Ligand SMILES: Nc1ncnc2c1ncn2[C@@H]1O[C@H](COP(=O)(O)OP(=O)(O)OP(=O)(O)O)[C@@H](O)[C@H]1O
Ligand SMILES: [Mg+2]
């Protein structure tokens, strides 16, 4: 349903992505892991059309999106949800207005329906009762969850999660992982999850892709990744720093 | 020789840079006008911005108008009384207020207040990825962020300028008549006789055009903010300075143009 074909992208004069190929099937959950700064967030922004690649293309439901104008992207963006690494809540709007925003943009006018959907979404991310708070009054983890609620409230066909569990306590992190699984099972929502958290990666991923030096270096099921003998992948999965020359 | 070339190169770079920026501002303006027609207007946002610009800027604008009128009347009185031309103070003050001082000073203050706020707000939304979040939710940022600000300022600026004119002329009257003892009836009579609707029209059309300049430059700067918090400060300062300079320069050409158009015969 979503495919990246040979994506290349330079950021700040340095080629970050050097031919990324990735496929996500319907209701499939793909986890992308990789070292900090390797271009995972850039990749998600390319899928959303927030950045344009220098080469290669993004194909969504058989339609090539790369090359569309900013406004032509919009109908597709509404089918793709994105959780930003930094939450990116609108800080002039209350939590309620943030969550209601996508629904209102899609034409929902009834306050009652909005109230009910927002309450439901907040309950899912265990933030019930924070409707009237402003984003500045939330903790980092709460912001992230509110942003997650905003991203899923209009039930996109595919969700892009940029480090959904970073900065959350283990219990909430677990509930977010369950939520990602649940959304996949209940609504057939496909997802791409960028994470450093191997627990989360094993739990939610149908497939794990390791992004290294601008390419998908390794791809496999969580089991295959765990048993992979490649030193780079092994070190990442087990959290060893040997590969980069800092040993204790 | 090398130095001259180096200098010429620098001047050239500044020039091409300014041209590029001016081009980008015009493109943004064009895009804003197109989005205004193409999308449903967000009146709630427009009113919110108008409240901020219009209502909240009133004190600033009224004070500007009042003291400009007062000081101008005083200066004119100092000079004109030497020639026994006290009766000309009224129209001089009111025409100067309408044609130049009112719109220019009022809009310079709006550039400082509203232009800075627009640039700061948009650039902090930009660096905290809120603009991208908007795009990710399928909303066109020009339509959602820029159109309401643009319209609000373009509607508010002439109204505020009008208020500044009224207070300016009123304070001029107060200073000349109540403080320096110029004959009040005479003052008023001459003011009305020599100020016509064209003068007021000049004030309004100028502030309308200045509002376009301020919002276009401030929004352009805000939407093109470099990453990092330092970017926000730099962007805000540049927006105010560029908008103010641009406004003063355009004012000169507008004065010439309007004079040619309105007083050709
Ligand atoms: N706006 C930008 N301008 C210049 N360079 C950028 C920009 N955004 C990202 N980069 C560069 O692109 C590279 C990839 O960044 P990206 O944010 O995708 O990393 P990441 O894999 O998401 O890392 P992390 O796991 O820490 O979030 C980095 O080297 C970064 O310096
Ligand atoms: Mg990242």
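Each position is counted from 1, following the chain as shown.
Glycine is no exception: its Cβ is also placed from the backbone N, Cα and C atoms.
TrEMBL assigns the feature transmembrane segment to residues B:200-219, out of the candidate ranges B:120-139, B:200-219. Taking TrEMBL as the reference, the stretch among B:88-118, B:150-180 described by the feature transmembrane segment is residues B:150-180.
Within its own chain, the transmembrane segment (B:240-263) is flanked in space by residues 99-100, 103-104, 107-108, 111-112, 115-116, 119, 198, 201-202, 205-206, 209-210, 213-214, 217-218, 221, which lie at least six positions past its ends and keep a Cβ under 8 Å from the stretch.
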